[in-house]
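Before any comments, here is the structure.
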């Protein structure tokens with residue numbers, strides 16, 4: 001491994017821009033202990049495996065390693081319904097049989113089981129994502145990483161697809177306090193439906209999701225779904241078929257994201273790096289290599305815009321750890337050796353004990369004609385956006401006070417008392433109007449109407 005990066009979180013120059021990056025990395029040592037249950041494909045242990053690789057490759061010394069503060073009830077309620085958050089806080093495996101109506105109402109119990117420490121798990125992964133957004137907004141780092149986050153299916157008042165709390169929406173809301181426009185890009189194999197739905201009617205957040213479409217969870221993400229009202233053409237969907245490889249993926253990703261960056265000009269970018277789009281995933285059907293997946297991270301990094309990297313799906317856990325370790329290296333500008341160092345989970349990576357694994361010889365069902373049509377359609381949508389929307393900030397909303405501890409440091413709870421809520425009275429009238437009329441929580445009801453019509457087409 002190239003180990004020339006200095007301490008204090010500064011990375012090496014990398015790529016054509018040659019600019020150093022300061023990287024903040026959020027990790028809670030307890031996260032690997034949460035357990036969805038026997039046979040469930042979502043395994044938080046993969047976060048601990050990723051961390052062990054980062055430690056033994058020597059990457060942790062190049063970053064500021066932070067333990068996230070748990071998100072509080074009021075933090076989660078910036079997006080989620082109060083009664084849903086109260087339910088998550090109170091439900092336990094022992095009491096769930098007494099709450100069958102509530103379980104059904106909030107879609108908890110099957111894909112999204114009740115398990116020991118569920119609410120603490122939600123607080124931890126959401127705290128890392130919002131903490132990363134705060135660090136970026138304060139200019140304390142160029143790239144923030146929370147591999148425990150990226151749970152993109154959670155809705156305002158229901159769990160979905162192994163996701164309970166939508167840490168991504170909460171992080172974007174935090175970034176919107178500082179930035180006029182925020183871009184969300186999703187390379188998980190599943191459609192980023194929860195994030196799209198939250199921002200479907202606004203032009204301040206653009207969402208771009210690359211995903212398997214057609215008889216596949218969650219069933220949304222048609223190319224014809226592109227936002228509504230002020231949000232028209234600010235939600236982009238890239239529907240893909242089985243077996244897509246690196247070359248085909250980048251044929252769409254780079255020109256579409258390049259044009260998005262040129263036209264939308266975001267102040268910050270959130271990239272959900274779900275690793276279920278890798279070849280050989282237990283639940284996936286794509287054929288990306290780790291380098292191909294990581295090329296999306298490298299490409300986003302090249303724009304020199306504050307970048308929040310999040311995890312997401314990924315169910316062949318040895319490959320998830322490989323991928324997110326390599327992508328941490330990409331964020332830092334450090335090339336890591338293919339030969340894996342000895343560490344506590346070394347046996348997971350046999351028989352080759354290498355970081356990279358070859359993609360399969362599965363058929364790529366994405367023809368060049370189909371890819372050409374998708375690319376042309378999405379570039380056409382973007383051509384309808386003449387220039388970046390203007391939201392003039394004369395005065396910033398108050399900063400969120402979400403201090404973090406360097407890993408293993410104890411912090412006084414009293415230090416956490418800061419303001420998370422947007423103080424609308426302190427916002428200039430233009431911003432106030434955009435954020436309140438309609439409010440985010442009202443956008444949910446609007447978006448429900450369009451979800452009905454979207455699903456009818458599938």
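Including glycine, each Cβ sits where the backbone N, Cα and C put it.
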Annotated region 'Disordered' segment (source TrEMBL; candidates 390-423, 424-457): 390-423
Whole-number Å value for how far residue 153 (active site, proton acceptor) lies from residue 111 (substrate binding site) (Cα to Cα): 12
Listed recorded positions among 153, 161, 315 whose Cα sits within 10 Å of residue 276 (divalent metal cation binding site): 315
Residue 161 (substrate binding site) and residue 153 (active site, proton acceptor), Cα-Cα, nearest whole angstrom: 6
Additional residues around substrate, ordered along the sequence, whose Cβ is within 8 Å of the centroid of 111, 161, 315: 41, 42, 153, 162, 163, 217, 283, 313
Other CB atoms within 10 A, centred on residue 111 (substrate binding site): 17
Distance [Cα-Cα, Å, rounded] between residue 161 (substrate binding site) and residue 190 (divalent metal cation binding site): 9
